[in-house]
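Annotation comment: TrEMBL describes 20-395 as domain 'K+ potassium transporter integral membrane'. Summarising the annotation, TrEMBL assigns domain 'K+ potassium transporter C-terminal' to 408-641. Positions annotated as transmembrane segment by TrEMBL: 34-55, 75-94, 100-121, 175-199, 219-246, 267-289, 301-321, 328-347, 359-379, 391-414, 434-452.
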Amino acid sequence: WSRWHVCSLFSTLPACKAKVKRWLEGHGYKKNCLLILVLIGTCTAIGDGILTPAISVLSATGGIRVQNPKMSTDVVVIVAVAILIGLFSMQHYGTDKVGWLFAPLVFLWFILIGSLGAFNIHKYNSSVLKAYNPVYIYRFLRRGKSEIWTSLGGVMLSITGTEALFADLCHFPVLAIQIAFTLVVFPCLLLAYTGQAAYIIVHKDHVVDAFYRSIPDAIYWPAFIIATLAAIVASQATISATFSIIKQALALGCFPRVSVVHTSKKFLGQIYIPDINWVLMILCIAVTAGFKNQIQIGNAYGTAVVIVMLVTTFLMVPIMLLVWKSHWILVVTFLVLSLMVEFPYFIACINKVDEGGWVPLAVAITFFIIMYVWHFCTVKRYEFEMHSKVSMAWILGLGPSLGLVRVPGIGFVYTELASGVPHIFSHFITNLPAIHSVVVFVCVKYLPVYTVPVEERFIMKRIGPKNFHMFRCVTRYGYKDIHKKHDDFEKMLLDRLLIFVRLESMMDGYSDSEDFTMSEQKVQRSTNALLMSEKAGSDLSYSSHDSSIVLAKSPTGNNSLTRYSSQTFGDELEFLNSCKDAGVVHILGNTIVRARRDSGIIKRIVVDHLYAFLRKVCREHSVIFNVPHESLLNVGQIYYI
């Protein structure tokens with residue numbers, strides 16, 4: 001998954017972005033094939049996030065039964081389910097406060113299994129070290145029996161779980177992970193499995209639970225506690241990785257809108273997605289309670305991991321060619337060597353589909369259908385909105401009245417477009433004979449920063465001449481910012497609109513064109529001055545009789561008087577206040593995507609029913625913007641694809 005994550009980020013590299021874009025746009029099938037391949041790896045990785053907590057916790061809690069052979073398997077399953085419920089229930093707290101414990105626990109776990117492995121090699125059979133000779137691997141596979149190749153599926157489990165090391169690749173340098181894997185993880189894994197092999201040579205009837213049975217009685221329960229804690233840490237790593245994958249898919253328009261909660265002020269990647277969290281918990285419990293043993297879950301786990309490995313290998317090819325600009329001989333060598341290792345494992349795991357391997361395939365297919373359908377229909381809907389947005393020439397041609405009756409009030413039109421007039425607006429005024437006296441297009445954008453100060457959150461500019469009374473407001477939020485109650489949000493929009501009109505009257509050289517926007521630094525300084533004057537007790541008053549704006553004397557400061565000859569400004573400010581008193585309406589666009597009447601039955605089912613269902617269950621814009629229902633107006637239009 002880590003290398004797939006690199007693939008999802010490579011388009012942001014300036015040096016190769018243009019070349020990648022040309023390569024993808026040359027033929028449409030390239031982009032579609034790459035999308036399908038990435039979604040396959042993504043969905044299978046999500047399946048890995050379901051199976052890892054199940055098999056890790058169930059394997060760890062299985063140690064209870066080793067010391068109590070008469071204990072029922074159901075007791076072990078109940079303990080595992082209880083731990084899983086507790087793990088998923090604590091996700092909303094985040095790992096910021098306890099994350100410092102993870103590294104020492106994992107390090108202690110590797111030292112434990114490495115030491116146990118060395119102890120078992122010395123105690124039982126040191127000749128097991130001959131297994132490192134590749135000749136024995138060749139002789140083993142040369143036998144050619146089907147059982148030999150099937151056994152590779154079990155061997156696959158010896159390396160699964162190590163990919164969890166890369167779950168937080170964005171939080172650690174690559175060199176740190178390389179050092180940890182080379183000096184700690186890899187040697188300890190070799191010692192652990194070699195030691196278990198030495199133990200099994202002597203105790204052939206202890207194959208199922210060789211790890212716990214090979215632990216000396218003196219340290220059994222401390223080792224059990226460490227194993228359980230390590231299983232929880234490994235589960236947390238894959239759960240966090242699943243949240244990260246969903247968030248990236250959400251940002252790329254490949255997943256329905258869900259609530260994303262950031263649990264850390266320091267680390268951008270520490271997130272919590274409530275809807276996905278409970279889905280993962282239900283599926284983990286179903287897998288744990290349904291299979292009740294590690295063998296079938298292990299078969300499913302191996303299938304998920306080997307598919308992710310294959311997809312990662314194929315995705316490395318365009319990375320090496322387009323991003324790293326590697327020679328084609330090196331690319332072919334990498335591909336051949338990787339497939340020589342991964343393809344036999346893939347064949348071995350696929351042979352166990354009926355023994356539990358169907359679980360990750362079913363999960364991956366379900367998520368793939370959801371993500372591909374959502375992406376396809378969302379792209380079509382956005383392309384329709386972009387191509388059908390209204391030009392300023394059309395707006396200016398309508399005149400100040402827009403060819404309609406301008407009724408008193410302010411209309412906030414919510415749109416995803418940061419420029420231009422959305423088609424939903426022309427659709428609205430074409431079918432209705434009236435529009436509000438003041439129209440403000442509101443576009444909400446989320447920035448990759450912790451928070452955006454309130455005084456810097458709103459960017460306001462005018463659309464068209466002044467007598468059109470049309471504005472655009474881009475509202476910016478950080479990932480930790482939350483929308484306040486609708487009264488506060490509405491009040492902030494209105495206050496920023498009034499401040500914008502005041503500042504506009506104070507500055508020279510403004511333009512009435514669509515491209516007009518005031519200097520951000522000037523706006524910031526002036527806005528801060530106005531806000532500070534309000535906090536200091538000043539009152540910005542206006543008198544229409546003397547055509548001036550007076551900054552009244554502050555009770556705590558000196559008398560400062562500033563006059564601006566602005567009869568026009570005074571009239572507009574009074575006009576805006578009267579419109580605000582008349583009422584505010586929030587207008588939300590709702591583009592409904594439908595399949596054309598001549599479309600096939602599969603396309604009609606996918607677009608008219610599946611995508612419509614996903615749109616219905618995902619978070620609505622009115623919920624995201626906290627729009628009050630009593631002043632909400634949904635404007636719908638149908639787009640046929």
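Every residue, even glycine, has its Cβ placed from backbone N, Cα and C.
With respect to Cβ pairs under 8 Å, the transmembrane segment (359-379) is most closely packed against 34-55, considering the stretches 34-55, 75-94, 175-199, 301-321, 328-347.
Comparison of 34-55, 175-199, 219-246, 434-452 by number of C-beta pairs under 8 angstroms to the transmembrane segment (301-321) places 34-55 first. The transmembrane segment (34-55) is in contact with the transmembrane segment (219-246), judged by 3+ CB-CB distances under 8 Å for residue pairs 6 or more apart in sequence. Counted over residue pairs 6 or more apart, the CB atoms of the transmembrane segment (267-289) and the transmembrane segment (75-94) come under 8 Å in at least three pairs, which marks the two as touching.
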